[in-house]
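Asker: Pasting in a structure now, in structure tokens, and then I'll have a few things to ask.
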Amino acid sequence: MKKKYFGTDGIRGKVGASLITPEFTLKLGWAAGRVLAKSGSKKVLIGKDPRISGYMLEAALEAGLAAAGLRPVLMGPMPTPAVAYLTQTFRATAGIVISASHNPYYDNGIKFFSDQGTKLSEEIELEIEAEIDKELKCVDSSELGKAYRIEDAAGRYIEFCKSTFPSKYNLNGLKVVVDCANGATYHIAPLVISELGADVIAMGVEPDGLNINLNCGATSMQAISERVVKENADFGIAFDGDGDRVMMVDHTGYVLDGDELLYIIARDKLRSGTLKGGAVGTKMSNLGLEQSLKTLGIPFERSDVGDRHVMELMIKNNWCIGAENSGHIICSDHLSTGDGIVSGLQVISAMQSSRMKLYELRQGIKKYPQILLNLGFDNKIDPLQDNDVLAEAKRIETLLGDKGRVLLRKSGTEPVFRIMVEADESEKVVRGYAKSIADKVKV
């Protein structure tokens, strides 16, 4: 059955329009409460990123959950993976995150975690949708839920993050630039890195509700790249607005994406004998990653785009690492969802164990030039059904043979058509291939 409200990563949209309104959010909280109340604890944890609309949506969710008889547990600004982790440690029935991740402040979203810290199954999402369409009826007054706040949630999560970094290593003597995107990691990531011994230069740690992801963080790496070089830092680490993505910068200012970080983690696990099976990427992962891993003898498989699909393939194969090139990296031996801080620490651990700089570790992977074009399109004409678009893509695929790839897909969260072309050619040539397909799209 097709979902009516939930997208690929919860419910997301522009605040005040679509579904991101106080009215709908209250109804969503009630509907989710009705479904979740059927099992286990009545506690539901709520975390959010610092964008201004989060306060409004948090209040609406709190009211809806309480009306269904559940106890909302408020944690304030908290990274998405922290909510996943704390949902398990508090034995809550679910966790809810109010965030639009890497999107601008005027968007927001709501996503859920199960009591095991995993994304809700599509079956549960469909159950919640069925309840949304019913009339809201409060439980009896004696059964109403009562909200309370956890004051030490950040401290608990900081200790968890540090526990994933081998105790035999420290960051003494290292200068590290940390960019928190004015998002949910602003009060956590700098402390994690500094408590491990590094001299931290913090950026993006002054959220005002409107500046989340604004020219900073994992989706805008120019500022941290320049800062690392200016400060003569050893490396930089950047997160997105909700803290589930990570990108890194070596001492030269070069930006390492999720593909390169996955390679470094996989290689380190292979060397230490802790690699279980292989590594999972997505259809967007660079062909160079696949070939570099195979050179090491590490199996590699691709899932559909989205961390949910990455995790599903990891579970199917019984593998412990997977990533998207956007910086969602899952290390399931630590947590069952993408965690920017924890994943970054695994890369830093690889630096420590190999006694190599980030610059040296990235030399093992040769990436092909990859061009990604994002196009708005006319909703009346599906580009994936447009014969002109498909014919041009097929022509280029035939031309490239096994030396490159073409991938066409629509975004699951916004009306955007994505064209990806990569090949063992110059960037100029690859861009030309992508543009020739884009020229066929009716916008």
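Along the chain as shown, the residues are counted starting at 1.
Positions of Cβ are set from backbone N, Cα and C atoms, glycine also.
These numbers come from a predicted model, not from an experiment.
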Asker: For the Mg(2+) site, Swiss-Prot lists Asp240, Asp242, Asp244; sort out which one of Ser101, Ser114, Ser121, Ser354 goes with them.
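Answerer: Record source Swiss-Prot; matching candidate: Ser101.
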Asker: Which number gives the other C-beta atoms within 10 angstroms of the C-beta of Asp242 (Mg(2+) binding site), all protein chains shown included?
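Answerer: For Asp242 (Mg(2+) binding site), the 10 Å Cβ neighbour count is 35.
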Asker: Please report the number of other Cβ atoms within 10 Å of the Cβ of Asp244 (Mg(2+) binding site).
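Answerer: Excluding its own Cβ, Asp244 (Mg(2+) binding site) sees 31 Cβ atoms within 10 Å.
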Asker: An 8 Å radius from the center of the Ser101, Asp240, Asp242, Asp244 Cβ atoms defines the neighbourhood of the Mg(2+) site; name the other residues of that chain inside it, in order.
Answerer: Asp49, Pro79, Thr80, Ser99, His102, Gly183, Ala184, Phe239, Gly241, Gly243, Arg245, Gly340
